[in-house]
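The block underneath contains the structure these notes are about, expressed in structure tokens.
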Amino acid sequence: MVNQVAQCFTVRRVWLVVVVGLLVHQTTARYVFEECPGVMGNRALHGKVTRVCEDCYNVFRDTDVLAGCRKGCFSSEMFKLCLLAMERVEEFPDFKRWIGILNAGR
């Protein structure tokens with residue numbers, strides 16, 4: 001009897017973990033989609049642009065920098081400042097084109 005109760009609790013815990021995991025995953029995906037409507041099918045571009053913000057955050061260690069860089073699907077002034085700080089200004093035309101693709105549908 002005790003073994004059956006323990007099994008029941010184990011099964012319930014597994015289901016709880018699965019449900020919470022799915023909810024968190026869907027919320028994260030929804031945030032990325034709302035912030036950058038063109039990200040679907042363009043994950044590689046999104047990764048390249050996101051990398052600039054992550055590198056900038058790693059240099060300055062300020063969460064406001066990371067949030068500001070990503071704001072408006074990378075259309076913020078902070079993103080340009082991060083490109084400058086990462087010494088990637090010569091790549092700005094490429095990033096501008098990629099950000100335009102990620103912002104498609106706005």
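Just so you know, glycine gets a Cβ as well, placed from its N, Cα and C.
Take the candidates CYS56, CYS73; Swiss-Prot pairs CYS82 in a disulfide bond with CYS56. Here CYS36 is paired by Swiss-Prot through a disulfide bond, and of CYS69, CYS73 its partner is CYS73. Counting in whole angstrom, CYS53 (disulfide bond) lies 15 from CYS36 (disulfide bond) by their C-alpha atoms. Rounded to a whole number, the distance between the Cα atoms of ALA104 (alanine amide) and CYS36 (disulfide bond) is 8 Å. The two recorded residues, ALA104 (alanine amide) and CYS56 (disulfide bond), show a Cα separation of 25 Å. Most Cβ neighbours within 10 Å among the recorded positions CYS69, ALA104: this distinction goes to CYS69. CYS69 (disulfide bond) is 8 Å away from CYS56 (disulfide bond) when you measure Cα to Cα.
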